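Residues or ranges marked as domain 'Plant heme peroxidase family profile' in TrEMBL: 1-161. Taken from TrEMBL, the feature substrate binding site applies to 2. Annotated heme b binding site per TrEMBL: 32, in sequence order. If you look up TrEMBL, you'll see 39-71 marked as disulfide bond. TrEMBL lists 84, 86, 91 with the feature Ca(2+) binding site.
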């Protein structure tokens, strides 16, 4: 997973390692409609963007005020907030939020501020069907990714399943 501080160039390079392109990056980032993020992941953005001692200038002032209330400096940094204004609906609100300067994470907002990705963010913000189509295409590509290791099925993603010992083969 990329860092919440990642910029678009870092994200593009990461996706390219897996043969995923810029369109895949932007469309698949739309899956952030459904999720929560800890205050820890945005404190730098609210109070010390790029070591400046100031908030990220890309943040909409009204949204920044909301985030300040959610995540003041003295808050438990494990407190969480929604990644999207419509967190239980799969729609294009995530992209509308980015266009409006309301991306929760730096790694999200950078998709709108970076020239190579901005056009796709703008397109998906006004054309939900185009977003859905690109999302399906990206998910299909993800499904084709292979690993040299066997995966495991988990009931809870945080709990590693202990592999059973290999059966003994007798010749």
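Glycine residues also receive a Cβ, built from the backbone N, Cα and C atoms like all the rest.
Predicted, not measured: the structure shown is a model, and the values here were computed from it.
Residue with the densest Cβ environment among the disulfide-bonded residues 39, 71: 71, by other Cβ atoms within 10 Å. Here the binding-site residues are 84, 91, and the one whose Cβ sees the fewest other Cβ atoms within 10 Å is 91.
Close to the recorded Ca(2+) site, the chain also has 33, 85, 87, 88, 89, 90, 92, 93, 94: residues not among 84, 86, 91 whose Cβ is within 8 Å of the site's Cβ mean position. DSSP assigns residue 91 (Ca(2+) binding site) to coil in the three-state reduction, placing it in neither a helix nor a strand. In the three-state DSSP classification, the residue listed as 'substrate binding site' falls within coil. Around the Cβ of the residue listed as 'heme b binding site', 20 further Cβ atoms fall within 10 Å across all displayed protein chains. Among the recorded positions 2, 39, 71, 84, the ones whose Cα is located within 10 Å of the Cα of the residue listed as 'heme b binding site' are 84. Here the residue listed as 'substrate binding site' is positioned 22 angstrom away from residue 71 (disulfide bond), judged by their C-alpha atoms. Taking Cβ-Cβ distances under 8 Å and a sequence gap of 6 or more within the same chain, the neighbours of residue 86 (Ca(2+) binding site) are 33, 93.
Following the DSSP three-state reduction, the secondary structure of the residue listed as 'heme b binding site' is helix.
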